[in-house]
Amino acid sequence: GPTTGDKLRLGDTNLYARIEKDYTVYGDECVFGGGKVLREGMGQGIETPETLSLDTVITNCVIIDYSGIFKADIGIRNGHIIGLGKAGNPDTMHGVHSNMLIGGKTEVIAGEGMIVTAGAIDCHVHFICPQLVYEAVSSGITTMVGGGTGPAYGTRATTCTPSPFDMKLMLQSTDSLPLNFGFTGKGNTAKPVELRHILEAGAMGLKLHEDWGTTPAAIDNCLAIAEEYDIQVNIHTDTLNESGFVEHTISAFQGRTIHTYHSEGAGGGHAPDIIKVCGVKNVLPSSTNPTRPYTKNTVDEHLDMLMVCHHLDKNIPEDVAFAESRIRAETIAAEDILHDMGAISIISSDSQAMGRIGEVISRTWQTADKMKAQRGVIDPDTADDDNARIKRYIAKYTINPAIANGFSDLIGSVEEKKLADLVLWKPAFFGAKPEMIIKGGNIAWANMGDANASIPTPEPVISRPMFGAFGKAGSENSVAFVCKAALRNGVKETYGLKKRVVAVSNVRQLTKLDMKLNDALPNITVDPETYVVTANGEVLSCAPANSVPLSRNYFLF
């Protein structure tokens with residue numbers, strides 16, 4: 001496989017990743033197969049203690065992470081990444097990591113020629129239907145955060161699981177599914193009692209949404225409770241400016257940490273200038289994927305989507321005016337550039353509520369590719385590769401949503417001690433169709449051929465659930481995220497949950513400066529008549545794309 005200095009093209013984009021370091025040892029690589037290295041007494045140790053042996057090793061893979069682009073073996077034990085470096089048998093091989101011994105119990109996943117990334121985190125999910133889970137995991141998402149109760153009209157528009165009764169349902173119904181889940185309660189009330197009840201029933205955060213009334217009083221109360229419970233607040237602000245303008249909402253934050261959904265505004269928020277929040281230090285801004293990137297069809301598509309998602313009537317002029325006020329080509333174009341500057345930190349889906357859950361990853365890389373074509377390199381010192389841009393963009397759906405939601409100590413990157421939520425890609429299919437999804441150390445999903453064939457590869461090769469997705473496996477390899485109060489309240493035992501239940505933490509002290517590689521704080525203005533956006537005095541404008549990569553070359557439908 002490739003080594004230090006070699007470059008890999010990502011799918012059919014014009015992005016090239018250069019390997020910064022190779023932790024494997026040339027000539028002593030771990031290779032499995034007939035006549036190969038990983039045999040007893042060679043790459044596999046003879047007397048390796050079982051407690052020190054890896055459960056699984058991914059050999060010779062290229063890791064793309066916010067922390068770097070490097071080649072290594074990945075050692076997995078008890079569902080966690082136990083080591084990154086050189087695996088093998090130290091009796092016969094040089095440079096073996098002391099915690100990455102291969103013994104009789106070790107399984108091998110051949111990573112030669114493959115790219116490995118952390119599982120994606122979608123932190124804007126409307127739980128409208130359970131089938132979202134299968135679309136998500138097959139695209140490379142291993143964690144879903146949001147709210148809802150099914151195809152109720154509240155859920156079609158807002159990511160809120162409102163009642164303790166429904167919170168119990170959502171935690172129980174996802175208990176055996178092979179993804180990590182976290183649910184947000186409704187934050188729209190000026191009284192604290194109901195917010196306390198939903199948090200203690202299992203919510204990991206709260207959501208403020210204009211369809212429920214995002215007033216300054218509701219914002220203030222919700223953030224006060226968040227400070228008390230150490231949880232994140234996600235906000236969809238007031239498009240109609242009924243209870244105040246963007247400046248009033250920012251004032252209501254009072255410097256407290258908050259995560260702004262679809263911060264450009266097409267998905268909702270103060271018209272026309274909600275995008276100003278991307279320059280506020282206590283705001284963690286995200287985008288949703290329908291505006292990623294800005295293309296010739298983006299504006300037209302959004303009007304119809306908005307009418308359906310927010311229960312509007314095309315025969316009511318005020319409803320049509322409401323929809324049109326949210327869709328602005330100028331701010332969508334600026335959103336592209338703000339992502340490339342690192343001023344918008346997160347990309348998520350807004351699943352079935354103006355967004356596509358299976359396209360979080362592909363649309364992130366489409367945006368990166370478009371920005372390279374239109375803006376050139378972002379780091380003059382690495383003009384011969386795209387590593388700086390690649391690390392910035394992968395952080396948007398891995399480590400940054402993990403930090404923003406308070407679980408980055410467990411997931412969000414390819415680092416030691418993290419849960420082994422990993423996605424394997426063939427470079428030619430990177431960003432479009434993953435080869436394998438590993439969930440908590442188990443293979444949960446993978447491309448697989450005809451099960452009646454004599455070998456695994458005959459057509460039709462389809463992304464299918466594997467053993468890590470059946471029976472009790474999902475409960476063993478995945479996590480349910482709640483707040484500390486819910487954990488103390490015993491929701492795991494009360495609800496009979498089999499999943500590991502983990503409390504989110506260290507949220508309330510966060511600022512934009514904690515967002516990895518996406519911490520820019522430009523001074524943003526929006527002309528109220530023309531919608532032209534400036535950042536630090538520079539007009540942010542770009543042409544719509546006529547075509548994007550990772551699209552028709554990979555998908556028939």
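Placed from the backbone N, Cα and C atoms, the Cβ positions cover glycine too.
TrEMBL entries are annotated by machine, without manual review.
Since this is a predicted model, take the numbers as computed values, not measurements.
What TrEMBL lists as domain 'Urease' is 119-557.
HIS124 (Ni(2+) 1 binding site) falls within a strand segment according to DSSP. Sequence-distant contacts of HIS124 (Ni(2+) 1 binding site), defined by Cβ-Cβ distance under 8 angstroms and a gap of at least six in the same chain, are VAL145, GLY146, THR159, ASN234, TYR261, HIS262, SER286, THR288, SER348, SER349, ASP350, SER351, GLY355. Here TrEMBL flags HIS124, HIS126, LYS207, ASP350 as Ni(2+) 1 binding site.
Residues annotated as N6-carboxylysine in TrEMBL: LYS207. Summarising the environment of LYS207 (Ni(2+) 1 binding site), the number of other Cβ atoms within 10 Å of its Cβ, over all protein chains shown, is 30.
Shown in sequence order, THR158, LYS207, LEU208, HIS209, GLU210, ASP211, THR214, TYR261, HIS262, GLY267, GLY268, GLY269 are the residues of the chain, 6+ apart in sequence, with a C-beta less than 8 angstroms from the C-beta of HIS236 (Ni(2+) 2 binding site). DSSP gives HIS236 (Ni(2+) 2 binding site) a strand state. Residues or ranges marked as Ni(2+) 2 binding site by TrEMBL: LYS207, HIS236, HIS262.
As annotated by TrEMBL, substrate binding site applies to HIS209. With a 10 A radius on its CB, HIS209 (substrate binding site) counts 24 other CB atoms from all the protein chains.
Residues annotated as active site, proton donor in TrEMBL: HIS310. Secondary structure at HIS310 (active site, proton donor), taken from DSSP and collapsed to helix, strand or coil, is coil. Counting only same-chain residues at least 6 apart in sequence, those with a Cβ under 8 Å from the Cβ of HIS310 (active site, proton donor) are ALA157, ASP211, GLY268, PHE322, ALA323.
Counting only residues at least six positions away in the same chain, the Cβ atoms of GLY146, GLY147, GLY148, THR155, ARG156, ALA157, THR158, THR159, ASP350, SER351, GLN352, ALA353 sit under 8 Å from the Cβ of HIS126 (Ni(2+) 1 binding site). Take the binding-site residues HIS262, ASP350: by the count of other Cβ atoms within 10 Å of each Cβ, the lowest one is HIS262.
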